[in-house]
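K.L.:
First the structure, which I've put down as structure tokens, then a few questions once you've had a look.
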Amino acid sequence: MNQIKYKKIVVKVGTNVITKDNGLLDIPMMKKIIIQLVKLKKLGVEVILVSSGAMGAGKSVVKLDKKTDEVGRRQVLASVGQVELMNVYKRILSKHKFISAQILSTKEDFRDRNHYMNMRNCFSSLSKDNIIPIVNENDVVSITELMFTDNDELAGLISAMMNVDALFLLTNVDGVYDGNPEDKTSRIIHTIEPSAPRRQFATPQISKFGRGGMMTKSKIARKLSNLGIITHIVNGKKNGVILDLFAGDEIGTTFLSIKKISNVKKRLAHAYGQEKGTAYLNELATNIFSNPDRPLSLLPVGVTKITGKFEKGDIIKIIGSRQEEIGLGIAQYGFDTAHSLIGQKGHRALIHYDYLFLNL
Ligand code: GLU
């Protein structure tokens, strides 16, 4: 490899890649993946691994009482399985004189600025030569609204937060197909441009043990492409697939990206569900924001109603006059001030352009 294709990457491995059909961890497969990451680290690439498989591993260790409810089941399997999963990673990595670091996360960690900065600092501090941070959702405490859609979402959030060059989503299918993958006439779509129409590339099929599916993968990839991040969706079971992609081989599906945009906007792009309040726009403002032809700030004059006791610096959602979601932004002042200025001209923007992310 003469020239390193990416300097910073997130690699996400799905449960189906690292578990066998019987649900047990596929240790040789985990080794194959880790060896590639070690090679990249030695070449100076920053690597973060997002690994599913805790629940899968847990199933092979503990038999649950039939009476255990869904939440309890998830908590037991994840807490037992996570130890198992990390143990295997630790063993493999230490053979290469590498250290494994475990990071367990919930949606809450991406919610407010302090948590977010903590997470970011943690990853930056861990980006040492011989450490590979290994992330999973903290399934034990992450229940209902605290849950990520799946680890693809978590990997997407980390990719945006760390401003990586590329996200590798390793799954057990060869990529995104132009039809039903089971249909013989379906073909892999090798490249997807950011401007490609939002049609349904993938079947809603989800994996056997994990929560993810091709729909969420494509959705995350499209969002990242608008943040300047490339996503590769590939079959992680194929030997050397990550290194081959680094070598420039055309494997799986690549979602190309647009030019770089600011870190704040990157954060906002993934912040849905984390807003502390809502600003409702009048019709004129809705039309302008739905079809922006220049950078826009949200002024109080365009707002008809606000809700939520948000404070300065909180994320607020913008809703149009037809109840459509327009975007998210960071409030420059809190609810009380905003409320007193609704509909009035000549006041400072509630959301400045630099802190505003309009829906893709
Ligand atoms: N966190 C889950 C696990 O480790 C996987 C979630 C997913 O499949 O995306 O089992």
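Yeah, the Cβs are placed from backbone N, Cα and C, and that goes for glycine too.
Please treat TrEMBL annotations as automatic predictions, because they have not gone through curation.
What TrEMBL records for this protein is below:
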| type | residues | note |
| --- | --- | --- |
| BINDING | LYS12 | ATP binding site |
| BINDING | SER52, ASP139, ASN151 | substrate binding site |
| DOMAIN | 7-235 | domain 'Aspartate/glutamate/uridylate kinase' |
| DOMAIN | 297-341 | domain 'PUA' |
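Show me how these features fit into the shown structure, please.
P.N.:
In sequence order, LEU49, VAL50, SER51, SER52, ASN151, ASP152, LEU154, ALA155, LEU167, PHE168, LEU169, LEU170 make up the list of same-chain residues 6 or more apart from LYS12 (ATP binding site) whose Cβ falls under 8 Å from its Cβ. When secondary structure is read from DSSP and collapsed to three states, LYS12 (ATP binding site) falls in the strand class.
For ASP139 (substrate binding site), the count of additional Cβ atoms within 10 Å of its Cβ stands at 24 [all protein chains shown]. When secondary structure is read from DSSP and collapsed to three states, ASP139 (substrate binding site) falls in the coil class.
Confidence across the domain 'Aspartate/glutamate/uridylate kinase' (7-235), taken as the mean pLDDT and rounded to a whole number, stands at 87.
Note on the domain 'PUA' (297-341): DSSP counts are 10 helix, 17 strand, 18 coil.
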K.L.:
How many other Cβ atoms are found within 10 Å of the Cβ atom of SER52 (substrate binding site), counting all protein chains shown?
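P.N.:
The answer is 29 other Cβ atoms.
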K.L.:
Three states by DSSP: which one describes ASN151 (substrate binding site)?
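P.N.:
SS state of ASN151 (substrate binding site) = helix.
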